[in-house]
Amino acid sequence: MTKGTPSQGKRQKRVHTVCRRCGKVSFNYAKKTCAACGFGRSAKLNKWGWHSHLARQTW
Ligand SMILES: [Zn+2]
């Protein structure tokens, strides 16, 4: 097993698909949750408090 950039070529499985709520490719097929906004896990949008200008965005 090689780590680093050459391993990126092995990533052919689609783990995340486009999220219905935030539109990012962060919706996990297996978990049925969105890694970016928390869709499927939380009723509220998962905002990033550490990036205030991004948290202000409305999706
Ligand atoms: Zn999302």
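Including glycine, each Cβ sits where the backbone N, Cα and C put it.
TrEMBL lists 19-37 with the feature zinc finger.
The Zn(2+) binding site annotation in TrEMBL covers CYS19, CYS22, CYS34, CYS37. Around CYS34 (Zn(2+) binding site), the same-chain residues at least 6 positions away in sequence with a Cβ under 8 Å from its Cβ are CYS19, ARG21, CYS22, LYS24, SER26, PHE27, ASN28, GLY40, ARG41, ASN46. DSSP gives CYS34 (Zn(2+) binding site) a strand state.
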